[in-house]
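Asks: Take a look at the following structure, please.
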Amino acid sequence: MESFSQVLFLLVFTSACVIKAQGVLLSTHFYQELCPLAEEIVRQHIEAEIYHDPNVAAQLLRLHFHDCFVMGCDASVLLDDVDGMLSEKNAVPNKNSLRGFEVIDRIKFALEIACPGIVSCADIVAIAARDSVVSRGGPSWEVFLGRKDSLKASFYEANRRIPAPNSTLETLIANFEDHGLDIVDLVSLSGAHTIGRSRCTSFKERLYNPPPFEAVWDERHYGFFHLLRSICPEEGHDNDLVPLDLKTPRRFDNFYYLNLLRGNALLNSDSQLVTTDTEFVVSDLVWQYALDQRLFFEHFTNSMIKMGNIGVLSEVEGEVRHNCRYTN
């Protein structure tokens, strides 16, 4: 537990747009002198990319999650296989699923022209996630910057620490706690599923071999599952994509929570938020966010800032890569 002086230090510096994460000072003005147009360059690229392909927004948001949940927010997820090091891209939660790498490459290329060796890949991923949410009508937040890039990746940790789409509520809570995140963070960050798509293979088991607890939900699930079965037959089509939110798939809003309450959760891990909460803490948050989009946005932005501080590396522990796919 942090001492009073540490808490006071954090509060004082947070109000001054600086925060201490893992002993590293991050600032919303980190590049003000070093590369003043850094965030503007990222924003312009994100707007252009999403104009051509709206699905990029969800891809970049998910990229930030998968980066931070493995060794921290250090751009380790961007590294390719090299010299016996297995890339996190090949881990089960990422292979043929995680996207957006080429977008980050193009942003990095532009920043290296504008200010060589200054802006880290980890910071680019964090900024891109925020701008992607904003581009889809979601909330904005100040991104604390100054992260360094990892010198390694962990294929093993990527397989172990990224929540699976069939996770139970207990597993999800334990996983988030292991990353320093609480139940509010779990429920609000799950709201990222208001945009994006999932492969049939991630939820097909629910359609053709539903868990016992879903027997009581059959009537509510019937129409929804019937539609999904028409898209994802029992054999084949594993990599076909289905929107996580069938109502407003390209809009960042609170319809994800309304869908949960209607029994229209695509992933088993999503359905867990409303079906197995014996103390009603989790389901109560789902109801609150379904009824109050502003509250969801407020909690989501706070949790994104909190998640963005996981495992931040210092100058000694990391570097600013010239190419996000390889260490210098």
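Just so you know, glycine gets a Cβ as well, placed from its N, Cα and C.
Copying in the features that TrEMBL gives for the protein in this structure:
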ACT_SITE  H66  active site, proton acceptor
BINDING   D67, V70, G72, D74, S76, E88  Ca(2+) 1 binding site
BINDING   P163  substrate binding site
BINDING   H193  heme b binding site
BINDING   T194, D245, T248, D253  Ca(2+) 2 binding site
DISULFID  C35-C115  disulfide bond
DISULFID  C68-C73  disulfide bond
DISULFID  C121-C324  disulfide bond
DISULFID  C200-C232  disulfide bond
DOMAIN    25-328  domain 'Plant heme peroxidase family profile'
SIGNAL    1-23  signal peptide
SITE      R62  site 'Transition state stabilizer'
Asks: Let me make sure I understand the structure: which of the binding-site residues listed (G72, P163) has the fewest other Cβ atoms within 10 A of its Cβ?
Replies: P163
Asks: Compute the C-alpha separation of T194 (Ca(2+) 2 binding site) from R62 (site 'Transition state stabilizer'), stating it in Å without decimals.
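Replies: Between the Cα atoms of T194 (Ca(2+) 2 binding site) and R62 (site 'Transition state stabilizer'), the distance comes to 12 Å.
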Asks: Are there any residues at least 6 positions away along the chain from C232 (disulfide bond) with a Cβ closer than 8 Å to its Cβ? List them or say none.
Replies: C200, F203, K204, L207, D240, V242
Asks: Quick one: Cα separation, C121 (disulfide bond) versus D74 (Ca(2+) 1 binding site), in Å?
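Replies: Per the Cα atoms, C121 (disulfide bond) and D74 (Ca(2+) 1 binding site) stand 8 Å apart.
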Asks: Find, for the listed disulfide-bonded residues C115, C200, C324, the residue with the lowest Cβ contact count at a 10 Å cut-off, counting only other Cβ atoms.
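Replies: Sparsest of the disulfide-bonded residues C115, C200, C324 by Cβ contacts within 10 Å: C115.
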Asks: Starting from the Cβ centroid of T194, D245, T248, D253, the recorded Ca(2+) 2 site, name every other residue in that chain with its Cβ within 8 Å, sequence order please.
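Replies: Close Cβ neighbours, site residues excluded: I195, K247, P249, R251, F252, N254, F255, Y256.
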Asks: Quick check: of the recorded positions listed here (D74, S76, H193, C324), which one has the Cα closest to that of R62 (site 'Transition state stabilizer')?
Replies: H193
Asks: What are the non-local neighbours of the residue listed as 'heme b binding site', defined as same-chain residues 6+ apart in sequence with CB under 8 A from its CB?
Replies: L244, D245, Y256, L266, L267, D270
Asks: CB neighbours of D253 (Ca(2+) 2 binding site) within 10 A?
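Replies: By my count, 19.
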Asks: Counting only other Cβ atoms and using a 10 Å cut-off, which of the binding-site residues E88, D245 scores lowest?
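Replies: Ranked by other Cβ atoms within 10 Å, the binding-site residues E88, D245 bottom out at D245.
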Asks: Can you tell me the CA-to-CA distance separating C73 (disulfide bond) and D253 (Ca(2+) 2 binding site), as a whole number of Å?
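Replies: Given the Cα positions, C73 (disulfide bond) is 25 Å from D253 (Ca(2+) 2 binding site).
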Asks: Just counting, how many other CB atoms are there within 10 A of the CB of C73 (disulfide bond)?
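Replies: Cβ-Cβ neighbours of C73 (disulfide bond) within 10 Å number 30.
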Asks: Out of C35, G72, D74, D253, C324, point to the one nearest P163 (substrate binding site) in space (Cα versus Cα); all of them are recorded positions in the record.
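Replies: Closest by Cα distance to P163 (substrate binding site) among the recorded positions C35, G72, D74, D253, C324: G72.
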Asks: Measuring Cα to Cα, how many Å separate D253 (Ca(2+) 2 binding site) from the residue listed as 'active site, proton acceptor'?
Replies: 21
